[in-house]
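K.L.:
As annotated by TrEMBL, active site, proton donor applies to 111. Taken from TrEMBL, the feature FMN binding site applies to 28, 29, 30, 82, 181, 235, 236. Per TrEMBL, domain 'DUS-like FMN-binding' is recorded for 26-289.
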């Protein structure tokens, strides 16, 4: 029954890229881009949402991992599930399990964390173009639904020719679109190379999504002009202001109220509920208020605080 309910809501994510508008995307964020937050940003003009990265091997092997890592509902579309994988068949098996409940999968080729790279996941895959090509091709051949998208998210090489080669190989294997975080594996807080994203965009014919340091709708528009990208993916900017894509300069109180309603309805764990509020209220609270709010330790204390200070 659940499967039927969700399946009839599935969408073709590629329709967004053919709409003529820049596609506004919520990035895969560890701990944060879960169902409740996706529900919130969708209310504020976000077109497409990603899940946090899920390790495909664990997802395939363990029902417990599936239950804890992935939750959705019929309003949660279009939805892309991001996987960390290093073997084509494991990625295919994960894609098969997820296929009835999501609109596509994304292969993480960009995570620069040490644990991911040492396990053979994430950003180290940008140095294995043949493997990436093989993984994309495998999923394409084993998933029957032609509307199910297969995308990749990458970082760039110091030598951009290598990145262009990787992207062209992925395109030849049937990848739906490519998200480019415009930094190399070593770069953390250095300026994003938007010029590199533009070169990649000009070297392939599938959609390209730009990612990195986009904090406001104005930033998104600027990056679109600089890169000619078809979509803009935002992470921390949306954490600080989930209403960013709807044109708000800072988080409106209505958005905070919406978060409280959604989080309580979906049974969001307290730590996650509280952390999101800390991010959202960062720009609208004084240092003194933060000191008090950030150490609250229960849902009821948070609700009392919001009621007393903001009438929420």
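For all residues, glycine too, the Cβ spot is worked out from N, Cα and C.
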K.L.:
Measure from the Cβ of residue 235 (FMN binding site) and count the other Cβ atoms within 10 Å, all protein chains considered.
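P.N.:
The answer is 21.
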K.L.:
Looking only at C-alpha atoms, tell me how far residue 30 (FMN binding site) is from residue 111 (active site, proton donor), rounded to the nearest Å.
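P.N.:
Approximately 11 Å lies between the Cα of residue 30 (FMN binding site) and that of residue 111 (active site, proton donor).
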K.L.:
Could you give the mean pLDDT over the domain 'DUS-like FMN-binding' (26-289), rounded to a whole number?
P.N.:
97
K.L.:
Could you state the CA-to-CA distance between residue 236 (FMN binding site) and residue 111 (active site, proton donor) to the nearest Å?
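P.N.:
Counting only the Cα atoms, the answer is 15 Å.
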K.L.:
Say we define neighbours as other CB atoms within 10 Å of the CB. Which of the binding-site residues 181, 236 has the fewest?
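P.N.:
Output over binding-site residues 181, 236: least Cβ neighbours within 10 Å is 236.
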K.L.:
Taking the Cβ of residue 30 (FMN binding site) as the centre, how many other Cβ atoms fall within a 10 Å radius?
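P.N.:
Summing over all protein chains shown, residue 30 (FMN binding site) has 10 other Cβ atoms within 10 Å.
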K.L.:
Looking at the recorded positions 29, 111, which sits with the largest number of other Cβ atoms within 10 Å of its Cβ?
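P.N.:
Answer returned by the neighbour count: 111.
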K.L.:
At a 10 Å cut-off from the C-beta of residue 82 (FMN binding site), count the other C-beta atoms across all protein chains.
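P.N.:
Here the count is 25.
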K.L.:
Of the residues named as FMN binders, 28, 29, 30, 82, 181, 235, 236, how far apart in Å are the Cα atoms of the most distant pair?
P.N.:
17
K.L.:
Tell me, how many other CB atoms lie within 10 A of the CB of residue 28 (FMN binding site), whichever protein chain they belong to?
P.N.:
25
K.L.:
Would you mind reading off the Cα separation of residue 28 (FMN binding site) from residue 111 (active site, proton donor), to the nearest angstrom?
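P.N.:
Cα-Cα, rounded: 10 Å.
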